């Protein structure tokens, strides 16, 4: 919103300069976006009168004038403006004057005729872009007066950003109220003398939508001169607020809008058939707007109609068929309170955003309509003449907004502000804000003023008291609290440490939605019931996730569709599993999951182009598990999972309890999700891993290690992990390392069997092992494998 600083100072004039005023307004919560002078920098321009005006003898478009500027003689000035005429009061730049752009006025000859100055237009003085003619001043403008003084051009336009909750500041009166409160000054409102009815003319008014229009005032004014010029003082105030003068009737309604914040509209009374009906539009009803466009109305749009047709969109835009024109003699002034909910969104639906809709959407003072009607009537009659009829008031008290009664407690005020403000000061602030205040013991009862819709709860009053008291006046006090060192168990494994490891391995962390597409989730977890949202964002986001895989796989598809074929991502977050034994019937588990697909390495001339496989992901997962210190207790077991490839997946067990899965996505699921190529996933229940085993210091043997290799033939269904585990168990203290380095199937090995080549590392911490001891330990391992797995040594 833009307004003139001088106009504001007519209401309240604090003894501070423009910069301090702008800062004060900003600190009050109305952010000042800019302060600009209303005119360019110039001097030497005075009010003059054109005494004579004749045609230039040598130029058809020029005139030779004699101008009285209050000196001892008339000035000869050549002028090319089409509106220059005898008797006109004008702005005269005399010799020696300097206009904007450092343009100096000198004596000159134009087409042979002397010119001792210049008759100025608004654009030449940097006041506006209007360069259609010279400035026409009122006939009573005092000759010789400095034009800056006469037009009050030592003024600024202040532009503020008004937040949606402060609709009361969409008029000069609202800003003035705040400035008056902040400076503890009285508000000087212009005297609004009621205009008594001098005629009996009225129009019948019916309000069929009282919820949308709780109050509607109408008044007939007859015999106006719509062609009467708008006074220069009003034009200037409108211009400085960014509004162009149109005609006297429209200018008056715009003036009241800017001054009081109350939108108004004027209908041509003679074009209204029957009377006024305030109703909701009929489905498909049309209205030709003032700009000539046709709007197709919806049934939820409020309209002002006569007995035959819609005349205007209520609170938004007028209609062409009832608008004021050059032939208008009788008008109906409308001043109403429309409910914000009945206006919100309707203007945007038709590509409109008007000053009226901007205010009605945020809320207009429901007690303002009488004052605005009297103000507009007085201005209209003073400018255009005419006679006013009685004010017709249709009010539905039941649907008018009620003023909120709020209790402010001393304890709440002190706690939220952190500073004690004296009781009498709090009372004074609330009363200056317009509240009706009743003091109690350690509390205040405040009835909010009608113009403050945003005062509804106790915190609103706390904010107002702090704002008016001044945030800068509240002392800075450091927070004081006892500092207690938190206990930290060495066994606690931070999830951040795991994320860092995965980052180092080339994974990127992602965060996906907790609500997913139930159809996709059923593909991954067929037959498992999920928690459905009663009011989802969309059908595709209507179920709470049972695992992190749903979001991660969708992220892979998203990236593959954008030519990102090598993907390595992970996520930590909650899954939501229905469980009748859990609180509220839902169990929330913290999970860690990851996905890889594409090439094993980034593209490089010296690296083979190989696709990731099961063992790539299993290796990364083992690195994570190694951080827990429990890797030796983890087992990977072949176990079916409907989302995973039956031959390339495993369940992950810790001390006999399943804690997750790892494997290749099932080919059928891969096809349904449009995954491009082999995709591998893992998921772990993090809470079952977070309690790590603290590493224990062990003595490093100074004696040589010995390696012995054996190859055993076992049945195809015997897991290699069980073979390695048995060797570790049998070897006790001497076997310090067991590793599978080859798997063979083929010639020499019966069908249904496989050959596992295993290396045994033997070492003692106190002595060098003898060959006989080594051989005995190896034999013991072989014997144990024969007994448990029916293994045989391969020749």
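Glycine is treated like the rest: Cβ placed from N, Cα and C.
Keep in mind that this is a model prediction, so the values were computed, not measured.
As recorded in Swiss-Prot, the features of this protein are as follows:
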BINDING   454, 460, 463, 464  Mg(2+) binding site
DOMAIN    39-148  domain 'tRNA-binding'
DOMAIN    401-476  domain 'B5'
DOMAIN    701-794  domain 'FDX-ACB'
Please report the number of other Cβ atoms within 10 Å of the Cβ of residue 464 (Mg(2+) binding site).
22
DSSP helix/strand/coil residue counts for the domain 'tRNA-binding' (39-148):
5 helix, 48 strand, 57 coil
In which DSSP state, out of helix, strand and coil, do we find residue 454 (Mg(2+) binding site)?
coil
Would you mind checking how many other C-beta atoms are within 10 angstroms of the C-beta on residue 454 (Mg(2+) binding site)?
19
Around the Mg(2+) site recorded as 454, 460, 463, 464, what other same-chain residues have a C-beta within 8 angstroms of the site's C-beta center?
452, 455, 459, 461, 462, 467
Conformational class of residue 460 (Mg(2+) binding site) under the three-state DSSP mapping:
helix
Secondary structure content of the domain 'FDX-ACB' (701-794), with strand meaning DSSP E or B:
31 helix, 32 strand, 31 coil
Tally of DSSP helical, extended and coil residues in the domain 'B5' (401-476):
33 helix, 15 strand, 28 coil
Across all the protein chains here, work out how many other Cβ atoms are within 10 Å of the Cβ of residue 460 (Mg(2+) binding site).
18
When the pLDDT values for the domain 'FDX-ACB' (701-794) are averaged, what is the result?
91
